Amino acid sequence: MSYLIKNGWILNENGEKTQADIRVTGETITAIGKLDATDNETVIDAKGLLVSPGFVDLHVHFREPGGEKKETIETGAKAAARGGYTTVAAMPNTRPVPDTKEQMEWVQNRIKETSCVRVLPYASITIRQIGDEMTNFEALKEAGAFAFTDDGVGIQTAGMMYEAMKRAAAIDKAIVAHCEDNSLIYGGSVHEGTFSKANGLNGIPSVCESVHIARDVLLAEAANCHYHVCHISTKESVRVVRDAKKAGIRVTAEVSPHHLLLCDEDIPGLDTNYKMNPPLRSPEDRAALIEGLLDGTIDFIATDHAPHTEEEKNTEMKLAPFGIVGLETAFPLLYTHFVKNGSWSLKQLIDYMTIKPCEAFGLPYGTLQTGQAADITLIDLEKEAVIDKETFLSKGKNTPFNGISCTGWPVATIAAGKLAYEEGRLVK
């Protein structure tokens, strides 16, 4: 299939708007400039639209196998495409866990059969993600593992993490860490702070996260391993990562949209759609995350898309599962709250969602260039709409942003040269 995207505008390296047409042939961008349509290609009229590299999210939970009531690879991929994402990386906290070559091959086949976007599967660090026995990294890499993580739980012993880092470094793969010391959770369901004290809830202290990061950056230095911090959430964690980068340690970090947008003081009542892990932290933590993203301490934005059923979330705060969905709302929320008000440039936001995650992990995506993968998102920066969870393509409706009005919405997504999502008014 061939497409010609006409009349749109792109951002150049300086963040300036430039009008350009883009030709897609097969899975590849084959021309950029002022182009005329040929008889054998489909024209997409992008007049008034930003033509962006497809978004990249290196932290999603698609729940399959074992959690299909919450999400599947197919429904998660559709949600990603609607949100403008063309590449996502799926976490391994499924049942069963992708901890063997055979299970990883099953996941890869399922992706090929059902996904409309590129899905990169993580493999687990430990068997069944219970932290006491290492998986076969070499076999899992051969089966297509993107990187290694036990996301959902932290690796509790330094010895296990150090061994994992040495094995990962030997095969040029990253260790991706959910940073949480179980001895410091204290049965908490929210941040230890204003909200927990006001509502009589056990709180999770900031040091629960930062102490693991402090341990792990030293282990990563010793192992010469690429160490990536998931969903960083505290000012202390930002400080540790900043210092580690200054020391030349191979550490990268991501931050979620919800930690950039909300803090614990924003939680209304006991709404479990505001319960995620790590929890919403203090206003000071939120400010440190924004500063860390802007100064390069934090490398990119990832949603930590974590769908649950409404039945699971419809309970008291201490019993509800952690997690919210984010793929279909990330760009409009961030554009509205940071770009529209002048805090960030449009190019900064686009980079945090495209080239930056690719640079962090050496992926050949995230740009609009001739010869590169045809991963393209068309965005209507003038479109205003209210977030409505009932329109989500994800099975998960667990969002704290339902009813929020946002400007700037993806309206079409091309993933590897195939039209993965469109609103129905663009193709001629």
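The backbone N, Cα and C atoms fix where each Cβ goes, glycine too.
In Swiss-Prot, the Zn(2+) 1 site is described by His59, His61, Asp151, and among Asp285, Asp295, Asp299, Asp304 the residue recorded at this site is Asp304.
Record check, Swiss-Prot: substrate site residues include His61, Phe62, Arg63, Asn93, Asn277, Phe322, Gly323, and the candidate from His259, His308 also listed there is His308.
The Zn(2+) 2 site recorded in Swiss-Prot comprises Asp151, His178 together with one of His191, His226, His231, namely His231.
Taking the C-alpha atom of Gly323 (substrate binding site) as reference, the shortest distance to any of the binding-site residues His61, His178, His231 belongs to His61. For His231 (Zn(2+) 2 binding site), the binding-site residues whose C-alpha atoms fall inside a 10 Å radius of its own C-alpha are His59, out of His59, Arg63, Phe322.
DSSP assigns His59 (Zn(2+) 1 binding site) to a strand in the three-state reduction.
Each residue in Val60, Met91, Gly152, His178, Cys230, His231, Ala302, Thr303, His305, Ala306 lies on the same chain as His59, His61, Asp151, Asp304 and has a C-beta within 8 Å of the C-beta centroid of that Zn(2+) 1 site, without being one of the site residues. Taking Cα separation as the measure, His59 (Zn(2+) 1 binding site) is nearest to Asp304 of the recorded positions His178, Asp304, Phe322. Reduced to three states, the DSSP call for His178 (Zn(2+) 2 binding site) is coil.
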